[in-house]
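Copied over from Swiss-Prot, here are the features:
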BINDING   CYS29, CYS230, HIS255, GLU259  Zn(2+) binding site
COMPBIAS  196-211  compositional bias 'Basic and acidic residues'
REGION    187-220  region 'Disordered'
MOTIF     31-41  motif ''HIGH' region'
MOTIF     287-291  motif ''KMSKS' region'
Amino acid sequence: MTQYVSNTRSGEQEAFEPDDPENVLVYTCGLTVSDDAHLGHARLWVQSDVMTRWLSHAGYGVRHVQNVTDVNEKIVARVGADGLGDTEAAVAAHYTQSVIDDMRALNLARADVYPRVSEHVPEIIDLIGDLVDAGYAYEAGGSVYFDVRRFEEYGALSGQQVDELDPQGPDAEQAEKRHPADFALWKAGGVSPDDANTHRDDELPPLDGERGQTWASPWGEGRPGWHIECSAMAMTHLDDHIDIHVGGQDLVFPHHENEIAQSEAASGERFADHWLHVRLLETDGEKMSSSLGNFFTVSNAVAERGPNVVRMLLVSTSYTQRQTYSEATVSEATQRWERLQRAHERAADAIDSVAAHAKPADDALRTAVADARGEFAAAMRADFNTRAAVSALLELASAVNRHVDGTDTYDYQGLHDAVDAFETLGGDVLGLQFDDGAGEDAVSLADDVIDLVLDVREQERTAGNYERADDLRDRLEALGVSVEDTDDGATVRR
């Protein structure tokens, strides 16, 4: 069956026909690590995650790259805030770890590579040099700008004309540029106080003097521009031509428009066959964003609602559709997740019962499983329609409940197939994490055993049997339990 995807560049839904189905190249624009991630960021992550999970499930070989922008004036603006450190690198390191923690909490499948801008400056400089040599870019005052009028298709992605575009970049750049819409590939020097303080919190003292990391280049000491970074990293870790480029709707212009221009000017090839843009998450009628202050961090949402409810919320609406965060939508997501989890648990419990083997096939249940699989696949092939995919699983949950409620004996194979559908479609594709009811008991038992071993170890230490105590500590650490002895006793991290 054919996979269909939307394409912002063509404005149409198209058949997905990769050059090599065993090596589908996907690039997702990641996060500028200047603050804790919020649910608006998570919507992009989760939708991109589900896309690549589905393609893998459907038999494609997928190579997925998601960048980390760790060089940016917004990061510099956070220097000295809340003990984050006094350098751009220190702030970026802090928030990069925060993003990693959030991704793990949301059960995102690992991308193949998470390239960081700071580790790809040589590749960025080489790409800029190619554009200068080809006549698509020019140096001015130690900076390098892309000449948008040299690229005939500029504006095609966003549907704009070059001469109607607003100026790109701060006022200080305008005098150096040949056209107001030209954009910076390389910026001379560090981040100016004006640029940094534009993004700095009002309660923080303003920065003075240039800040941020700089690198030597053929045009002098400076920093890469924002747009060139993604082109260089995509070309380095994927190819000059990729199959799918995913990003937030707010990146269509100027970021992705500029990516296309600089990438295709440098390589002479079509940069990406399909541009998929995830609609922004809204709250109270406005997009959720750090600048508006109307956001909910991923960590807080997961702590309050649980990772499965958050994921269910973010997949309950297709990526091309408007999505709202509110108490009502969170409540709906909670109910959907609980329905799926309860049906999965009831099916698993019924399978374990003696009566599971006593009843012949239940045609209604087995038909419901087959229908759910077919409807789920059809939904995902129709431009990753996660809303319809979730609905297919909810219909299966209803069928499972009808079967379990309607008899004292159960169709073992039918229930087994239902559990498998929940776990492969809801789990492997949508990223939900099902628990058959034994999980909490198993965790509790493991904690009790660990506590017992810690008690024995403390007794060995008290008795002076330090080698035995150290051996127990090492064996615990091999199981992921860190033990550190202090004057106040042992500190344990699990």
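Numbering starts at 1 and runs along the chain as it is shown here.
Here the Cβ of each residue, glycine as well, is placed from N, Cα and C on the backbone.
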Sparsest-packed of the listed binding-site residues (CYS29, CYS230) - C-beta count within 10 angstroms:
CYS29
Would you mind giving the whole-number mean pLDDT across the motif ''KMSKS' region' (287-291)?
74
Using CB atoms and a 10 A radius, I'd like the single residue among the binding-site residues HIS255, GLU259 with the highest neighbour count.
GLU259
Within the same chain, and leaving aside CYS29, CYS230, HIS255, GLU259, name every residue whose CB is within 8 angstroms of the centroid of the CB atoms belonging to the recorded Zn(2+) site, in sequence order.
HIS227, GLU229, SER231, HIS245, GLY247, LEU251, HIS256, ASN258
Across the motif ''HIGH' region' (31-41), what are the DSSP residue counts per state (helix, strand, coil)?
3 helix, 3 strand, 5 coil
